[in-house]
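Asks: Below is a structure I'd like to ask you about.
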Amino acid sequence: MNKENYTAVTEFFLVGLSHYPGLLLALYVLCLVMYLVILLGNSILIIISILDPHLHTPMYFFLGNLYFLDICYTSSSIPQMLINVMSERKTISFIGCALQMVISLGLGCTECVLLAVMAYDRYVAICNPLRYTIIMNKGLCAQVAAWTWITGFLVSLVQTVLALIKPFCGNIIDHLTCEILALLKLLCGDISLNVFIMTVASIVILITPLLLIFFSYIFIIFTILRITSSEGRKKAFSTCSAHLTMVILFYGSALFIYMKPKSKDTKTSDELIGLSYGVITPMLNPIIYSLRNKEVKNAMEKFFIRNLHFKRM
């Protein structure tokens, strides 16, 4: 590639789904509603998990991290996307795109690791209940949570820097947000290092945690099947079903996006699945846990009854 074909980029044009103006309008309304639900639902559950002493356990500590992560993840891209959808000039600055990519990719990587940590927490709780409070002590939980966030953002930072230091052959991103796969299609010259790093990152951040989750649940299922009480089995399954639902939703879309064969053109289906990965899953997380968990239901009832009673007084 000759140097005269390189483009000095100061901003990017986000043109995803621009050929479907009717779809964009429907998408704007849908994403706005879902974003508000995400902010409200996750914020309420964070407040409840802090205020209710019964929820001061490792499981709810990690869930609190997940709720906060989902708020940050959607806030890193959805507001800008909503602005661009309704604007004629659908642009984002170079710095803004870089920050959006680092934050959204970092939070996505963090969630992959966090879901594996939550699976290990369920494994210890069910397979080794007598030592649960000793193994999953506050110090260990805080350290694991911190390293989860650090690992996610280190992986994101490396990939983003390697992408942005290369010259660009254009500044039109065929996507709704600054997504790294869409940005790589604009790079000039050899991107084999970027592809290699992304492949390694996908194995470390996607495949390895998924295998840990898989093996954790093999041990969990065998342990549950050995429980003689049907009520005990039901309770054990109920504590895992919500987490398993989240894993299927999150990893299903993430594996489709990052592990399938790459093509030069972005398909509409890819963008919509990417949107479900970035919006629908964070919206469903608090709903799944609030509907499937009696402790959360009871805590929410107490929270709302207490606040309604206070307002009436």
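From the backbone N, Cα and C atoms, a Cβ is placed for every residue, glycine too.
Just lifted these from TrEMBL, have a look:
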- 41-289: domain 'G-protein coupled receptors family 1 profile' (DOMAIN)
- 20-48: transmembrane segment (TRANSMEM)
- 60-78: transmembrane segment (TRANSMEM)
- 98-120: transmembrane segment (TRANSMEM)
- 140-165: transmembrane segment (TRANSMEM)
- 195-225: transmembrane segment (TRANSMEM)
- 237-260: transmembrane segment (TRANSMEM)
- 272-291: transmembrane segment (TRANSMEM)
Asks: Decide whether the stretches the transmembrane segment (195-225) and the transmembrane segment (98-120) have at least 3 CB pairs under 8 angstroms, with pairs required to be 6 or more apart in sequence.
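Replies: Stretch pair touches.
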Asks: Would you report the average pLDDT that the model assigns to the domain 'G-protein coupled receptors family 1 profile' (41-289)?
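Replies: Its mean pLDDT is 85.
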